[in-house]
Amino acid sequence: MELSGLAFAVWMSICFYASVDGYPSGKIREACTSMIPCHGSSPQLSPEHTITVNVTKFKPGDSIEVHLSGPDFEGFFIQARDAEHLDSPAVGSFMLVDRKRSQLLTCGRTKNSAVSHTSKAKKKYIKVYWIAPGVAPKHVQFLATVVKKYKTFWVRIPGPIVSQPNAPSPTTPLYATSEAISTSHPVSYLSKPFNASNCGSMKFCIRNPANCNPESASCFFLSFQQERSSVFIEMSGPSKGYLAFALSYDQWMGGDDAYLCVNEDHHVHVSAASLKGRSPPVLESENALEDVSWRLVDGLLQCSFRRSIRLPAYRERFNLDASYYIFLADGEASEGGLIRKHRHQPLITTGMYNVTGLPQDIGGSRSPRLMKAHGALMFVAWITTVSIGVIVARFFKPVWSHSFLFGKEMWFQVHRMLMLTTVMLTSISFILPFIYRGGWSQQAGFHPYLGCTVMALTIFQPLMAGFRPSRHAPRRQLFNWFHWSTGTTARILAVVTMFLGMDLPALDLPDPWDTYTLIGFVAWHVAIDLLLEIHSYCLIHKVEVIEDDRVQILQSLTSAEAEGFLFKQIVLTIYVCGNIVFLIAFLAAINQI
């Protein structure tokens, strides 16, 4: 039996204005009419709890023993109503057996006409007595709402019907079965996985990775198929918590129309929600979703439902005949079905699409292009150009001191070119996150603070180099020390910053291979550096060394230096090739997201 218009209106008013914390104390008089807890989700269909009585006949003034039992539950609400008019007010009154676990409530004008819990403590069994009123209906049915967890509850579970002696047969069917009186659309179980056979021809599809099969354990899939004035929606992906998609006017979370499929105790709840900024979604108690189905198998969560293209009665729902950015997210759900922030950056379409327009089969990106460019440029700057520049300045200065390029020593020109390239790439990369975020990011931890420090050192280094003293000036040694220490600090901080940035959702690199790539480079660089240091040390001892004049001897191109030059060239070539391999691996990882 469906709720009457008045009851439905009362229920909607309660749900929108009642506290979202529910009623842990059991003071739920606001729900006297509907018996619905405003917990932001739809009730379950098949009840696990039962109501029993000790007699089936009663006379006015009689006392009937009423039992509510089943698996552990936190809350309950029991009433007796006219069995032929279940939307009528509660009848009769109750007496308590255990005042620690149950309490009396007054619904309407009838005192003690309902019983509820006193706390969220787990219970399996409740016993109360119902006192028949002096003027009672011919047939009375007991109803119960049971809350197992915050978002797992059953509404108006029908219990036994008791009748007055010699009462005539009812004029309307009485609901005495074990099926719950549902206040939402039926939910069914999907018998087979989704398929992408009609994507681009009859269905608008979004897949990640592109062209993946929704039967695959790694495929995120979302499809829209228009059917007259409604749209049938399918959503699938590897998730043990929840899947969600949202329609948005921009590429930022907030003010969006969202739909969630949440796995709770191997049962999937499907509901619409509204997104307000970065706050948790506000679930709609009545969401106008039809033909709801779901499936959980092999780590895949799949759900489908239908909704009308236009829903003028629901202000938070967007019309589906307009263009939007589409988000697809997944994450974990805590006990009670409360969803947590998604661990990965949501997939976001690159443009705005009309899902009821021309069917398309598209992909999306879990990392915005600006953030991809930011990561790629920083990696090129601090893994490739700066590293080669340091190697050249440190180990090729003696052997390239007599070779000139554009009027300057070759080692100096190569070093300066690579370092200026680093400054340019870092500067361009530095401004990209600010363009993307529109300001400072509060969600990136220490990464932006270290990044600003690296940027400051990067600018300071060439400015300091512009004022370097001449080679034989007294302050040259002081300049050399500052130049080396500033550069080394910048390189160390840059690597630390990249380690922190690789785990940020906005870049969403494949973990743990992103970390392994950077660790591999650091190990590669240290190995090459040690190799060249050992080579230089051996070279020094191969030459007749005059202790007080060691620098001059090293700067002269002796036969030993000639032999060392060939070795250094080979090592540098290998080093550059290795850097290119790491760079390609990193860029390939960025390109996949």
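Quick reminder: no glycine exception, Cβ is built from N, Cα and C everywhere.
These come from TrEMBL:
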- 1-22: signal peptide (SIGNAL)
- 13-180: domain 'Reelin' (DOMAIN)
- 216-331: domain 'DOMON' (DOMAIN)
- 336-535: domain 'Cytochrome b561' (DOMAIN)
- 376-396: transmembrane segment (TRANSMEM)
- 417-436: transmembrane segment (TRANSMEM)
- 448-467: transmembrane segment (TRANSMEM)
- 479-501: transmembrane segment (TRANSMEM)
- 570-590: transmembrane segment (TRANSMEM)
Requested in this report: Would you confirm whether the transmembrane segment (570-590) and the transmembrane segment (376-396) meet the contact rule of 3 or more C-beta pairs below 8 angstroms, pairs 6 or more apart in sequence?
Outcome: yes
Query raised in the report: In the domain 'DOMON' (216-331), how many residues does DSSP put in helix, strand and coil?
Result: 0 helix, 69 strand, 47 coil
Query - Beyond the flanks of the transmembrane segment (479-501) by at least 6 residues, Cβ under 8 Å - result: 375, 378-379, 381-382, 386-387, 390, 444-447, 450-451, 453-454, 457-458, 460-461, 464-465, 468-469, 507, 515, 518, 522
